[in-house]
Amino acid sequence: MGAAARPDAGRAPMTPQTRPSAVALEALLWPATARPHLDGDISIGRIKLTPLTERFGTPLLVVDEQDVRERCRAFRRAFGDAEVAYAGKAFLCRAMATWIGQEGLSLDVCSAGELAVARAAGFPAERILMHGNAKTPEDLRAALGYGVGTIVVDSFHEISRLAALAAQGARPRLLIRVTPGVDGHTHAAVTTGTDGQKFGFSLASGAAAEAVRRVLAQRHLELAGLHCHIGSQITDPGAFDLAAARMVEFLAELRAAHGTPPRRLDLGGGFGVAYRAGDPELAPGPVAGRLRRTVQDACAAHRLPVPRLTVEPGRAIVAHAGVTVYRVVSVKHGPAGGLLVAVNGGMSDNPRPSLYGARYTARLIGRRGAGGERSATVVGRHCEAGDVIAAGVRLPADVRPGDLLAVPCTGAYHHSMASNYNMVRRPPVVAVRDGRARLIIRRETIDDLMARDLG
Ligand SMILES: Cc1ncc(COP(=O)(O)O)c(C=O)c1O
Ligand SMILES: N[C@@H](CCCC[NH3+])C(=O)O
């Protein structure tokens, strides 16, 4: 190519100062393999997002397999010989169950449906825990039928039901879900360690001690240990310490009352992650160090053997692996000079802002903006004014219909909580890794939606 034909002919040579650079990503928010590019695009797993949307459409949930695997490894390294059970409610499909299984994690399911996914992926039954405050007889039969390793019991009625089912053959291993009376200072809707909410047997009221007595009285049931889960998106490590210390104290009480204490202690999940730059996040290393020390010290103080620990991270494994890409449909001028940028998804693929006031960030991809930045609120397509995806974000002032917006940290409690509100079809999920993209959940079709409507 001759010099005159070059698009940059005649311009001053670029120095390091004038050479355009890709706008950096906030490293903590995006998947491990996410990289910004000069053209404004972002690649994940060495695949650029814009061509991916041309292939699979929008909205599109992209999941970075390497990010998931790295976080599984980080949790296993941090917790040493403890069991790490991924909480499938955060995001579950056959591919995810396969990755989790290959990385040596256990799996927490809370319905016959989640168990069916685990089964379809061939997840080892021994490494499955079943949860739920209102497991139905169908859930329990499915669990016993597959031979799940552990059932976490949550009510006196469930103990009776399990005893009846176990008398027919199975001998399930049980953890008792205890409510330790610890406030994790998270959103009220996901606070589960305090008395008065629906999960678990209260420690303070004596219900937990009574649940232990009832399980021990059933010869077909085996009491393996205790469980607690104080809530989700917790960023205060002190709340986990307090819960762990109370649970060890309870183990000591059980030894005094019944002889040998149960051998397992499951401290649940709930490790908070950053959704926006500057948000606090609990990294597995420090949190594991603290928790293990707390348990060891409390056991030493009570002269108890240290129980085998389990933790159940969900969000911390998969939230950062997910990026949702939307297409802008319309732009309006909002109050105080801000923009209202409406996209082709919303509360049906991300109900978290409307449920918990969750805050997200968003970024234009696929081209570089011009004309500076404006404050913007990214809103969804649903028939509610509260259908907001990201409020108060900075977007290029020239954002316009047809643009692509990427929202990071959408891997956990997005697809798993998606709905068909307004008969909108749920988006597909594409897994990316090492330059390859694989459709792991296809987009819903209008036929899917109509299939259950029998007229
Ligand atoms: C029993 C149990 N374990 C683990 C989790 C996972 O929580 P997170 O995704 O916040 O780690 C949950 C959800 O809060 C849960 O209910
Ligand atoms: N769905 C909640 C977390 C609930 C955790 C399940 N026990 C969220 O999106 O933050």
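Any Cβ shown, glycine's included, is placed from N, Cα and C.
Given the structure is predicted, the values throughout are model-derived calculations rather than measurements.
The feature pyridoxal 5'-phosphate binding site is assigned by TrEMBL to G270, E312, P313, G314, R315, Y413. Among the features that TrEMBL reports, substrate binding site is placed at R315, R352, Y356, E384, Y413. The annotation domain 'Orn/DAP/Arg decarboxylase 2 N-terminal' is assigned in TrEMBL to 66-319. If you look up TrEMBL, you'll see K89 marked as N6-(pyridoxal phosphate)lysine.
Positions of the features from TrEMBL, shown on the structure.
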residue	record	contacts (Cβ under 8 Å, 6+ apart)
K89	N6-(pyridoxal phosphate)lysine	D108, C110, E114, G314, Y413, S416
G270	pyridoxal 5'-phosphate binding site	G184, T186, H229, I230, G231, S232, Q233, I234, F240, R315
E312	pyridoxal 5'-phosphate binding site	V84, A85, Y86, A87, D108, L129, H229, D266, G268, G269
P313	pyridoxal 5'-phosphate binding site	F75, V84, Y86, A87, G269, F271, P284
R352	substrate binding site	A358, Y413, H414, M417
Y356	substrate binding site	H187, A189, V190, Q233
E384	substrate binding site	M347, S354
CB-centroid shell, 8 A cutoff, pyridoxal 5'-phosphate site G270, E312, P313, G314, R315, Y413, site residues removed:
A87, K89, A90, S232, G269, F271, A316, I317, A412
Hits among K89, E312, R352, Y413, i.e. recorded positions with CB under 6 Å from ligand 2, come out as K89, R352, Y413
Ligand 1 is in the model; which of the binding-site residues G270, E312, G314, Y356, Y413 have a C-beta less than 6 angstroms from one of its atoms?
G270, E312, G314
DSSP state at G314 (pyridoxal 5'-phosphate binding site), helix/strand/coil:
coil
Summarise the model's confidence over the domain 'Orn/DAP/Arg decarboxylase 2 N-terminal' (66-319) as a mean pLDDT value.
96
